[in-house]
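**Student:** OK, Swiss-Prot features for this one:
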ACT_SITE  Ser120  active site, charge relay system
ACT_SITE  Asp135  active site, charge relay system
ACT_SITE  His157  active site, charge relay system
Amino acid sequence: MELLLLSNSTLPGKAWLEHALPLIAEQLQGRRSAVFIPFAGVTQTWDDYTAKTAAVLAPLGVSVTGIHSVVDPVAAIENAEIVIVGGGNTFQLLKQCRERGLLAPITDVVKRGALYIGWSAGANLACPTIRTTNDMPIVDPQGFDALNLFPLQINPHFTNALPEGHKGETREQRIRELLVVAPELTIIGLPEGNWITVSKGHATLGGPNTTYVFKAGEEAVPLEAGHRF
């Protein structure tokens, strides 16, 4: 399988998806036809989200079709060379994909060789479940099971920083709480600016920041770019 799982879409001082474009270009390998899954968009219309994505990827020669705009979305996915899943609200994303019967077709086409690109919620959707999302509002997706294209759980936008005076839990504390009730999980705290690529059977960490792996009853393990999972 070929996957590009990004923690986020925008870095300070850079345009939207600017840091991701070289990574996308490297993994295209001649693929040009993409379907875009815009359902995580809550505060922007799906048409606008699709147009924004298409404009950014046009210089790479990628044509983008919004899955919400086609008559037969399952067929569109089955014939896609690239599946792109945008960030936003993970619950809404999974709910829409499940209701439209898109989860199995996405899994199948990626396993047959299509490239999967997802940022934030799109990275969450590639995991076994969406239980490590940070998102609100919460809508009921009729279960948390997701695509299971990547075998570990990703927590995008990972940071342990707290505003001065804030008394709420750190992100690590929240992850530790999840590991108490679900000790079987392995969770990757993926900071903004970092990503995971899967190619030729290897998953590799990229990006400038330290990533952390959390398991129940164990200390967090720091990982740097180049680590293979």
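Note: Cβ is positioned from N, Cα and C throughout, glycine not excepted.
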**Student:** Which of Ser120, Asp135, His157 (the active-site residues) has the most other Cβ atoms within 10 Å?
**Tutor:** Ser120
**Student:** How many whole Å apart are the CA atoms of Ser120 (active site, charge relay system) and His157 (active site, charge relay system)?
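**Tutor:** Ser120 (active site, charge relay system) and His157 (active site, charge relay system) have their Cα atoms 7 Å apart.
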**Student:** Could you tell me the C-alpha distance between Asp135 (active site, charge relay system) and His157 (active site, charge relay system) in angstrom, no decimals?
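**Tutor:** It is 11 Å, counting Cα to Cα.
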